[in-house]
Amino acid sequence: LTGVLDDCLCDIESIDDFNTFKIFPKIQKLQERDYFRYYKVNLKRPCPFWADDGHCSIKDCHVEPCPESKIPVGIKAGSSNKYSKAANNSKELEDCEQANKLGAVNSTLSNQSKEAFIDWARHDDSQDHFCELDDERSPDAQYVDLLLNPERYTGYKGSSAWRVWNSIYEENCFKPRSVYRPLNPLAPSRGESCLVFFFLMRLCLEKRVFYKLISGLHASINLHLCANYLLEETWGKPRWGPNVKEFTRRFDPAETKGEGPRRLKNLYFLYLIELRALSKVAPYFERSVVDLYTGNGHEDAESKALLLDIFRDTKSFHMHFDEKSMFAGDKKGAKSLKEEFRLHFKNISRIMDCVGCDKCRLWGKLQTQGLGTALKILFSEKEIQSLPENSPSKGFQLTRQEIVALVNAFGR
């Protein structure tokens, strides 16, 4: 891919250079820190739209915890209710990964870690959301270690997976009903690419942005499945790696009737939206009253310093997407469109509970919440700018779940 992206003045080459040399090494380190590696999720919420009959048929596509002795505990309790990062044995990590291959989610944590998370939760605030949030108090909600549960191909495919994406595109993306996206999103009908492009150009900027964000999220997930694919399994030992054939099937112009490159460009557009959100939310975290709290003062300070360093890099990027052009019409119409935007996206977050594979559901819910948090930030610029320096937030807050989702979604 080369050249300028639609709806902004950004070129792909500049984004590649900026990400490769500035952002990616730092965001990767941040994702490994205790505050960002644990995500609380309810993988047992029923699908609200159709009978939940699409669970992954693969035997390991369910939660199968590692033995307690093998669990790499990220936080250990001390005598003063303090928590520190435990050094993890790489051999134990490897054993744990092999025991939880494919779609299985390693979800067991020690009692000390569970106590730590309750302590962390006391530092969370609440706010209206773009996503349907899990009830963190539900007995079915559980913390998972994202480092032990990487996003990769699990074998989950077929009509169940297609139905999820078909529902998202058909029911939730702003496009005319005359443009039909078939059940299998990988097999567009003849001429559909031109039709989609033509009608998207007739939509207002806000609705084009919405469609491109969902397409970019879809491309991101597909890319990670292609990049970390189960290539073979001999004697119970899986080998993961890039699957070029699968990547070609999903993105090559010849295989997708020209649609593949546009899908990839939408991934760049998604990157720009989340990058812009990070630059806009910096003042929220720059206040001394905000801590990335785990109970370990030294580690918390290091995590915040690294996050602020990333914020400085995001501000230095000179080709940000200009979100001020969105919802800029008359106040009544802009408010109505913004609310429609929010409700459509919230509906998409509910559809993620219809994903039949636990690991796919985990990463789908996390990345959807991360994008929803980015949108919440972009639509709250005035509230962020007026935040008090030395007192709790009023008018704009982020929960720990939203912060973890935002950083990890951008990391993907």
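Cβ coordinates are placed from backbone N, Cα and C, and glycine is handled just like the others.
Unlike curated records, TrEMBL annotations are generated automatically.
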Query = Can you tell which of C354, C360 is bonded to C357 by a disulfide, based on TrEMBL?
reply = C360
Query = Given the binding-site residues T154, S215, and counting only Cβ atoms in the protein chains shown, which has the most within 10 Å of its Cβ?
reply = S215
Query = Considering the active-site residues C357, C360, which residue's Cβ sits among the greatest number of other Cβ atoms within 10 Å?
reply = C357
